[in-house]
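Structure first, commentary second.
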Amino acid sequence: VIPSMRSLTAEEYVEAFKSFLDHSTEHQCMDEFNNEEMPSIMAGLGNGKSTINVLGVGSGTGEQDLKMIRILQAVHPGVFIDNEIIEPNPQHVAAYKELVNQAPDLQNVSFIWHQLTSSEYEQQVKEKGAHKKFDFIHMIQMLYRVEDIPNTIKFFHSCLDHHGKLLIIILSDSSGWASLWKKYRHCLPSTDSGHYITSNGITDVLKRLGVEYCVYEFPSGWDITECFIEGDPVGGRMMDFLTGTKNFLGTAPPGLRRQLQEALCQPECSSKKDGRIVFSNNLSMIVVGS
């Protein structure tokens with residue numbers, strides 16, 4: 001009997017996501033953006049204040065957060081950074097705290113973790129009636145998992161202080177994900193509970209809100225060659241990440257599995273390089289003014 005398809009648990013997602021990061025240039029792509037654009041984006045933050053308030057929404061294990069904090073420290077030497085984090089996954093929160101404990105260069109930074117979803121945080125803020133304002137808020141690759149994307153963006157935008165900035169990192173419309181979700185959605189199992197949203201969907205929301213924004217596009221790739229090797233454990237975990245399904249290759253009907261593997265090989269999704277299959281993981285960095 002083939003076990004039935006089911007969604008990934010929080011722990012399984014962590015493992016599947018790690019296999020994605022290990023085989024993609026996702027973080028290198030963000031590093032490129034950090035190096036090229038972030039210093040000038042952050043230069044205008046805080047407006048001469050002695051403390052800069054930062055909020056990370058869906059910060060995961062914190063690697064990207066700390067990179068941005070270090071840029072902020074370099075651009076605003078001696079300024080105190082008050083960093084709050086919203087992250088529902090307890091394993092991610094524990095890993096983030098461990099990272100902070102091992103970092104000797106964060107003396108001027110305070111950390112507060114909220115082990116909540118973004119909507120739980122929003123509800124808490126609204127119940128309190130008091131509204132802390134932030135100079136910099138970032139939402140990196142997390143809007144796929146919120147229930148109401150337009151209202152989530154609207155709420156966090158309302159948390160910006162004057163001259164504050166909101167950074168949204170999301171998959172680009174030039175990515176293989178965009179083609180997969182638009183053209184080959186029928187190949188994806190219904191176990192994936194995420195929203196299929198790319199940068200155009202976000203900029204549409206921002207246009208309706210009437211706020212100013214700027215989009216930076218950065219190329220990124222994900223080597224999915226192992227996804228086509230029968231019985232390969234890494235390929236299996238990558239397919240789990242791609243579909244949001246536990247053991248997709250072992251539980252999906254053969255027809256669906258074949259359809260998805262064929263879709264992944266289409267030129268609008270992937271390219272072949274040195275005998276490897278590289279899925280396009282291009283990112284859009286959207287910087288929104290207060």
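Count begins at 1; order follows the chain as displayed.
From the backbone N, Cα and C atoms, a Cβ is placed for every residue, glycine too.
Per TrEMBL, these features apply:
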type: BINDING; residues: GLU26, ASN281; note: substrate binding site
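Taking all protein chains in view, 20 other C-beta atoms sit within 10 angstroms of the C-beta of GLU26 (substrate binding site). Within 10 Å of the C-beta atom of ASN281 (substrate binding site) sit 22 other C-beta atoms, taking all shown protein chains into account.
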